[in-house]
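Peer 1: In case it helps, TrEMBL gives these features for our protein:
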- 22-423: domain 'Glycosyl transferase 48' (DOMAIN)
- 85-107: transmembrane segment (TRANSMEM)
- 136-155: transmembrane segment (TRANSMEM)
- 167-188: transmembrane segment (TRANSMEM)
- 254-278: transmembrane segment (TRANSMEM)
- 332-350: transmembrane segment (TRANSMEM)
- 362-379: transmembrane segment (TRANSMEM)
- 399-419: transmembrane segment (TRANSMEM)
- 426-447: transmembrane segment (TRANSMEM)
- 467-488: transmembrane segment (TRANSMEM)
Amino acid sequence: MVIQMYLIGSFTSQEEVSVKRFSSTLREGNVTHHEYIQVGKGRDVGLNQISMFEAKIANGNGEQTLSRDIYRLGHRFDFFRMLSCYFTTVGFYFSTLVTVLTVYVFLYGRLYLVLSGLEQELSQEPAIRDNKPLQVALASQSFVQIGFLMALPMLMEIGLERGFRTALSEFILMQLQLAPVFFTFSLGTKTHYYGRTLLHGGAKYRPTGRGFVVFHAKFAENYRLYSRSHFVKGIEMMILLIVYQICGHTYRSTVAYVLITASLWFMVGTWLFAPFLFNPSGFEWQKIVDDWTDWNKWINNRGGIGVPSEKSWESWWEEEQEHLQYSGKRGIIAEILLALRFFIYQYGLVYHLHVTRKTKSFLVYGASWLVIVLILFVMKTVSVGRRKFSASYQLVFRLIKGLIFLTFVSILVILVTLAHMTIQDIIVCIFIFMPTGWGMLLIAQALRPLVKKAGFWGSVRTLARGYEIVMGLLLFTPVAFLAWFPFVSEFQTRMLFNQAFSRGLQISRILGGHRKDRASRHKE
């Protein structure tokens with residue numbers, strides 16, 4: 001800010017300033033006085049704030065990719081300027097998307113090799129089993145996947161600028177500060193929002209807050225923010241890795257499995273639990289109890305007009321589907337085609353049950369769909385019974401639930417005794433039906449107008465709520481288990497904050513405890 005004032009000299013009072021200003025004006029003189037006001041802008045320093053900012057930028061780059069401007073720039077630039085434009089705008093996000101898609105292709109390709117029997121046949125071939133160069137190549141591939149060589153350019157850059165000893169020390173410090181966890185989690189944020197914008201459009205402004213982030217984010221808040229971008233994809237990859245191990249453990253060594261899937265398990269753990277790891281006081285038991293109460297209240301509240309997404313799961317679920325309502329036909333078709341991967345996965349896994357291993361008939365796959373339809377019918381029956389009989393006819397409703405439970409137990413006992421169904425088969429059945437139901441749910445959301453006309457939208461909402469509850473339990477259980485151990489919270493405090501702040505936080509806890517003891521004594 002620049003203010004021109006007619007001043008002469010340095011004054012100690014407002015009266016002298018006025019007199020000298022008047023005197024300077026009479027003599028046609030002036031003095032320019034520069035006054036500066038320093039304003040500091042808030043920065044995104046919390047994980048949730050950074051993720052919302054990256055989501056906003058990824059959405060914008062997705063819209064740029066679909067625009068004519070990038071197309072025209074790409075045709076009018078020379079080769080080097082075109083590379084510079086690509087790398088500094090949409091290229092970074094496109095390469096990120098390709099990286100995550102490569103992980104999916106790798107996982108589903110490996111699963112196809114296992115379910116089709118090709119991996120077992122290839123492992124028994126003498127030309128492949130005794131091929132040492134191939135084994136060295138696979139081992140080096142796993143080494144690259146873990147990510148050590150990906151950090152080599154960074155080490156070289158810091159080493160050339162500040163010395164290789166400094167580069168090595170900073171690299172070790174980054175590992176201790178869990179930098180790979182943060183950047184792997186950020187990879188999922190960019191990929192999800194950039195890919196969704198390419199399919200459906202709908203970039204929008206996302207307020208980040210930029211507040212002081214030494215506060216605890218509730219479990220429901222983290223779930224709302226990262227459910228579709230990280231948690232769903234992380235659970236999908238985890239199921240694929242478990243199935244890959246179950247179906248191939250008879251002929252594959254543990255070392256080979258670890259070398260192939262170590263980096264993928266790291267990505268799964270990062271995408272599922274990084275929000276809680278970087279959340280202040282994320283492993284304090286009292287905070288966990290409060291988070292569980294808030295989560296139950298949020299997941300069970302009914303939505304409606306004027307109910308925000310922070311108060312009700314139904315309102316949040318409706319907001320998460322807004323991009324499908326304004327999407328074009330190509331986006332809807334792409335969404336349905338992507339959901340078909342769960343049905344292909346189901347088709348391959350059904351024939352690996354101990355009960356169906358001796359038959360390859362297509363009727364087995366049809367029988368699996370019949371079981372899915374029966375499960376959905378039972379869920380619909382329970383939902384209708386709860387709505388109609390739970391208030392007035394509680395005894396009838398309990399009898400219906402008891403009859404359903406006894407029928408399920410009887411069928412399970414018959415399968416175990418007569419068809420020799422094993423515990424592994426039961427686990428595999430769960431891994432068959434859960435992803436298939438999720439695929440049906442995605443297709444129903446994409447075809448929302450048709451499902452609403454058919455009158456099944458309430459059933460879709462009930463099924464979606466059940467999946468959300470299961471995912472919430474899968475995420476909350478390990479966090480609550482770790483919260484039992486006090487040293488986990490201490491380790492998290494040391495990791496997130498510097499030593500001075502950590503020491504001050506510990507002292508404040510001790511003093512707070514003494515104050516509570518004194519207050520209780522005074523009350524007594």
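Using N, Cα and C of the backbone, Cβ positions are placed for all residues, glycine too.
Mind running through what each feature is packed against?
Peer 2: Residues 47, 50-51, 54, 96, 99-100, 147, 151, 154-156, 158-159, 229-230, 233-234, 266-267, 270-271, 274-275, 277-278, 495 of the same chain lie 6+ residues outside the transmembrane segment (167-188) yet bring a C-beta within less than 8 angstroms of a C-beta in it.
Same-chain residues lying 6 or more positions outside the transmembrane segment (332-350) and placing a CB less than 8 Å from one of its CB atoms are 108, 111-112, 115-116, 199-200, 240, 243, 247, 324, 356, 364-365, 368, 428, 431-432, 435-436, 438-439, 442-443, 446-447.
If you look at the transmembrane segment (399-419), the same-chain residues 6 or more away from its ends with a CB under 8 A from one of its CBs are 355, 378, 381-382, 385, 389, 426.
Listed as Cβ neighbours of the transmembrane segment (426-447) (distance under 8 Å, sequence separation of 6 or more from its ends, same chain) are residues 232, 236, 239, 242-243, 246, 321, 324, 332, 335-336, 338-343, 345-346, 349-350, 352-353, 368, 371-372, 375-376, 412, 456, 460, 463-464, 467, 470.
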Peer 1: For the domain 'Glycosyl transferase 48' (22-423), provide the mean pLDDT of the predicted model.
Peer 2: 83
Peer 1: Where else in the chain does the transmembrane segment (254-278) make close Cβ contacts, counting only residues six or more beyond its ends and a cut-off under 8 Å?
Peer 2: 47-48, 103, 106-107, 110, 138-139, 142, 145-147, 178, 180-182, 184-185, 188, 217, 219, 222, 225-226, 230-231, 233-235, 237-238, 241, 244-245, 248, 475, 478-479, 492, 496
Peer 1: Residues of the same chain, at least six outside the transmembrane segment (467-488), with any C-beta under 8 angstroms of its C-beta?
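Peer 2: Same-chain residues near the transmembrane segment (467-488) but 6 or more away: 219, 223, 227, 231-232, 235, 272-273, 276, 282-285, 287-288, 291-292, 295, 299, 313, 317, 434, 437-438, 441.
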Peer 1: Counting only residues 6 or more past its boundaries, what in the same chain has a CB within less than 8 Å of a CB in the transmembrane segment (362-379)?
Peer 2: 346-347, 350-351, 356, 404, 432-433, 436-437, 459, 462-463, 466
